[in-house]
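First comes the structure, then the notes that go with it.
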């Protein structure tokens with residue numbers, strides 16, 4: 001090796017004519033290997049020796065690669081799964097490509113059809129708009145009422161007398177009485193004042209027309225769109241009854257009743273026994289007789305109804321108070337109160353000595369356990385948490 005060069009490598013004992021050659025040598029594997037040998041205090045080797053060692057190492061690695069371990073079942077399963085996944089990916093890609101091609105073809109074929117459809121729709125819309133312009137914009141109240149009535153008559157549902165008014169499945173019965181019995185037991189449909197009812201069939205027809213024709217609830221006058229909607233409302237709200245509380249509600253169905261028979265007792269009481277003893281009475285005296293009528297026949301407040309017989313009929317809203325059987329208050333004397341207090345002592349539970357002893361034992365064991373725990377916890381000196389302020393570190 002000549003020593004005339006300016007640039008040298010002490011690890012490989014080489015000289016270079018330029019700095020570029022020196023930099024290229026410093027990046028080579030041969031230089032790195034000689035540096036490691038220098039650290040291990042070994043002499044440097046030549047490039048031929050380094051090349052032979054590299055080729056020998058490559059041959060040994062290839063031999064070791066050939067001598068692999070035997071493939072296990074787990075490894076085989078993993079490889080099979082990987083192969084299946086790759087196949088699935090390929091199939092999905094093929095299917096996606098086919099789908100895109102079909103979509104493109106369908107779009108190309110349907111473009112003229114879409115234009116035709118759009119033209120047809122525009123023509124239909126124009127035809128619909130033309131008759132709308134011809135119709136009158138404003139209608140009077142009478143015309144509107146007539147139109148609504150005609151629509152209701154078209155949508156009318158006739159409910160026969162033998163059919164239930166509230167069942168959605170349209171249950172039929174043999175006669176009206178059986179139908180009314182079913183509605184009373186199943187839905188609570190009760191006809192008030194049946195004693196004075198004259199036209200039962202007319203009342204049922206009126207209720208059926210109110211539900212079937214008007215689609216109106218018989219209690220709250222809720223109006224539904226269809227018969228089914230009204231029936232569902234009445235079943236849900238328990239409005240399957242004839243309202244008979246206010247004066248307007250009674251007047252609504254008054255044409256089906258006749259209460260003239262209820263005044264028979266009053267007329268019989270006022271008629272004289274002997275018709276021969278009639279006397280002419282002036283108008284002033286007749287008016288005074290009317291004023292002397294007992295108040296029981298005329299008095300009727302919002303809570304109780306006073307009948308001519310003297311019976312008082314209560315309102316249904318106060319039914320729970322009428323059902324109460326309250327005993328009258330009895331004021332006891334001092335001696336009677338003392339006797340009652342003495343009698344009630346017998347209802348006290350008897351003194352159980354064994355039960356008291358058992359309770360005392362339980363309390364004793366609880367106190368003993370608590371003392372033992374306190375004693376054990378006091379033995380540990382380092383039982384308090386340590387606090388270290390981080391700012392003072």
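Glycine residues also receive a Cβ, built from the backbone N, Cα and C atoms like all the rest.
The compositional bias 'Basic and acidic residues' feature in Swiss-Prot is assigned to 64-82 (among others).
Annotated compositional bias 'Polar residues' per Swiss-Prot: 102-113, in sequence order.
As annotated by Swiss-Prot, compositional bias 'Basic and acidic residues' applies to 123-136 (among others).
Annotated compositional bias 'Acidic residues' per Swiss-Prot: 273-293, in sequence order.
Sequence annotations record features per position, and here Swiss-Prot assigns phosphothreonine to 140. All chains included, 8 other C-beta atoms sit within 10 angstroms of the C-beta of residue 140 (phosphothreonine).
As annotated by Swiss-Prot, region 'Disordered' applies to 55-82 (among others).
Swiss-Prot lists 102-145 (among others) with the feature region 'Disordered'.
What Swiss-Prot lists as region 'Disordered' is 268-293 (among others).
Marked as zinc finger by Swiss-Prot: 7-31 (among others). Using a Cβ-Cβ cut-off under 8 Å and counting only residues 6 or more beyond its ends in the same chain, the zinc finger (7-31) has close neighbours at 1, 38, 44, 47, 50, 54.
When the zinc finger (162-187) is classified with DSSP, helix, strand and coil residues number 12 helix, 2 strand, 12 coil. Summarising the annotation, Swiss-Prot assigns zinc finger to 162-187 (among others).
Residues annotated as zinc finger in Swiss-Prot: 215-239 (among others).
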Exercise. Restricting attention to the zinc finger (162-187), give the mean pLDDT.
Key: 88
